[in-house]
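Read the structure below first, then the notes.
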């Protein structure tokens, strides 16, 4: 004798109601053979729905044994029970329980998704089942576009998606007109004839009369069992295509979860947008601040480079503001010669500032009069635009010649060619021999008038001084500025016998600017992070609301074979999608801000980096995971019986 399909031994179900324990099903024994068509009847409150939930593994008995093909279901964990529901049971509900945002074909495919069937196979099976049930022309219609009878046939097709070895039909005709009810019962009888085990749960004796065996329940006890009728050898029902595990299965699950998430987001567009708003603001703020900081940094570094790249300035005294600096006269020609002989330096030039006014004919202007060496313009990276620069002969001869910039020409000479013109620098007449580009680097104004003379001429013919106010050196390419600076300090300290000077390099300015920029970026980013956290809380709140609104959908998915991990994954992916979309919109807003900024502000350009954009997406994804986990976990832990009963 073959083993029974289903055996219930002393099954009992009790619920806690306040402080009292209510027994819904008293100990009962029941055996169901494969291929039977059974009707479980009884009045409301008789326990028939509870028995159906136990048979379909949606609920667990309080005591007793439930054996399916000899396997005690009490020994199965949640994952094994989900597989049992997925591969062996098919549910048909009184209210159809179709997902309203999916069409008929997609509703039928749901169990096959959780079974791991490939997309092509489940689509083909879905279409075949709908055609078999007379709905081939309705496969792309949503439930709202179908009649009650058509919806119930879609429900039957869904129950058969994975083979439907056991079909549990809860009041299958309860919401249908008489004609549709007859059609549904005819389909169930046909399925029974094909070898499916059919279990009807109904209070309608007319519906029950279609079954070969009727079990009557009253007050949680079996009042009557008509007994099994002899039947032909059951035919094995057609099984669903074999499911798969691994990457392909996981990809199908992810894709299905993403599709469901998109449907849920589109169903509540305004709510979804408001949920994203905090994330949009936070991401836009972070990306914009970083871009602005990078733009400001690039601007300052460009200005510093305009002063002369890899340059180090040497000043007398201990530091800026040293009162004794004016009395220190140790920076001299011998120091300059010693520095010029160092292999790590490309050039060196002194600087001596001289007071005085500039006069040309009847025009007078105040400006910067500086004595420099012939290496000065190369050290500073200044380009000649007209004439020539100083040479060593001019330095040796203390020549009364000058190099000027465009601002000096504009202020004194107007539009005439400046080269060859004689201007009065203080009391010394000098001839202009060259023009260089205006100095507009870091700390310099493009409005200043600049005149450069050989330092020897300034020291002997303008002021009586045999020491330099400043030395500027340029480090060779490939040499680390910090090492060159340290070597120069050691050289001059050894020569002077004491360190009576200090250095200031473009590298130190850059580091200071980068530190300041990083601090400001961190400060504003911290404020933006608060906005992101607020946005994350908004995501969590809306996902909690979504779980409540979609409780019945969760129950349906569990009934057709979804595991807890499937439900957790679906809602977690939805939270991540909301956050990611918010991140994308935030980056878009930031790029738009950058475009507007470039139209109205010319001095600084916002520099958007791929790293900051990727970080923005990473942050938004992390927010989705962190703040979406709690709602997703709540969804996965829902009791399927309570979820299905929720209106």
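A Cβ is built for glycine as well, from the same backbone N, Cα and C atoms used for every other residue.
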Listed range which Swiss-Prot flags as region 'Disordered', given the options 198-222, 223-247, 248-272: 223-247
Swiss-Prot annotation (transmembrane segment) - matching range among 126-146, 147-167, 168-188, 273-293: 273-293
Cβ contacts of residue 44 (ATP binding site) (under 8 Å, same chain, 6 or more positions away): 203
Cβ contacts under 8 Å made by the transmembrane segment (610-630) with residues that lie 6+ beyond its boundaries: 279, 283, 286-287, 290-291, 532, 535-537, 539-540, 543-544, 571-572, 574-580, 582-584, 586-587
Site with most surrounding Cβ atoms, counting all protein chains shown within 10 Å, from the binding-site residues 45, 47: 47
